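Visitor: There's a structure below that I have some questions on.
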């Protein structure tokens, strides 16, 4: 018997089932590959997938090669409208696809089986939490190995190949394991269309021996997707609008608050229509920054409880009615559950549902339909805005620096503010940049992204790569802490390969500052790097790259002038030396409240 171990002849499939748990939406193709020889002029699975990606708006795919996906990559790069962006690791490939999806509406990454899949899964989970359509493609085992007792490399050493699938079921809205050609066309199309309809990531595993095989179902020109539009229940919509209009029209000082789910609901324009018609003041939750214009006359800033824009929380929390469009109330956005809001005063508008006060909920109603219809029924009332205007005091400017004084972070962001225009976009890393970037006033057309719900440090490096690749006409300004940069720094290399002209402000304050303000300890101090030296080594004389280190305002001014002038077509890396205790007042307040929420004792049993 021992002589037969590992032989192809003796390892016949014992069944056709791919083991998987009962939960989740899983599509699998289970039979072995057809042996029918087809004309070479007919299209292949790999080329069909490439054309589908291009069709839905993906022109760049972020990849890490591995032996299970190499043939598939051959067919993807053969598509003239699809560019392969090779990344340094799978985590960054996933983060790049996340950033790309924020700008383009959909992103894609390709990795290899299990070792690649389980590396990228953290980024996929983040995209799931942020409602981003992301197509995660994995090169899977040879179709003949499914259902056998073989043990493959890149696995945990068991003959069950479903571990990766089971992991992805909780962080994707659809999974397709393609190990047969007959139904591959349908499964790929279903997965991609599901990502678009649900605005969530999907997982597609493609057996390594199938990508280059022609099949009649892969027509040269795939029939374009025709996704059935979601429709509101008209009777429910009318009832919800009537109830909401009555609720708001009897209020004295109502307000509007935009939430992050405006993106998935595609309701930003409808929200502004309501703001225009109602004359209510409106603010944004922190994770909705960038989704609605900030140059609107009735915009009053970021509503973030105790760390809100000055005078914003006072107006929102003192209102007798507030409409939240697409909110997410978690411990971070609620500043440790400390918001002073009352349910009976609220209208909560979810992407497909409306809840009014403590009363009735209306389902099967699209947010954009509801907001647009409500705008036609609402009475104009600017009382809350007049109250805001009455108490508002313009923000001061940072104290003028002494000559060669060590650079303060508030001075840094004063200069970053002056860099912003419709031709720029801001990426804010998890950390104090959350709070400092929230205070930036975005000009019309200026992009803005950060990952608040998942809050994975290191996200911004890959996201900057992906976002910049998606919108090459904008210059991306990324604000990244030293601790976060150490997690994912390698893909600065990919930015240089792609000729990107991003500006990274690396804020070097010696550790995990956001963690320090929640709970300090020696584990929050990190080894200092020569960051500019690292980037110079990655540059290695290939591509356009400029680095500098600044310690005072004079050096910062010179650096920004160079980055936006002489080096405007180069990747620019500016290391900013900051004191370890130089943080925003908002982080100090937020950190203490989150610490309090985290340290609550167990409830009595």
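Here the Cβ of each residue, glycine as well, is placed from N, Cα and C on the backbone.
Take a look at what TrEMBL says about it:
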BINDING   482, 509, 511  Mg(2+) binding site
DOMAIN    44-148  domain 'Thiamine pyrophosphate enzyme N-terminal TPP-binding'
DOMAIN    241-361  domain 'Thiamine pyrophosphate enzyme central'
DOMAIN    451-576  domain 'Thiamine pyrophosphate enzyme TPP-binding'
Visitor: If I take every residue in the domain 'Thiamine pyrophosphate enzyme N-terminal TPP-binding' (44-148) and average their pLDDT values, what number comes out?
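Guide: Taking every residue in the domain 'Thiamine pyrophosphate enzyme N-terminal TPP-binding' (44-148) and averaging pLDDT yields 96.
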Visitor: Sort out the sequence-distant neighbours of residue 509 (Mg(2+) binding site) for me: same chain, 6+ apart, CB within less than 8 Å of its CB, listed by position.
Guide: 481, 482, 578, 579, 580, 582
Visitor: Show which residues of the chain containing residue 511 (Mg(2+) binding site), separated from it by at least 6 in sequence, have their CB under 8 Å from its CB.
Guide: 482, 483, 524, 525, 526, 580
Visitor: Helix, strand, coil: count each for the residues of the domain 'Thiamine pyrophosphate enzyme TPP-binding' (451-576), based on DSSP.
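Guide: Taking each residue of the domain 'Thiamine pyrophosphate enzyme TPP-binding' (451-576) in turn, the totals are 58 helix, 28 strand, 40 coil.
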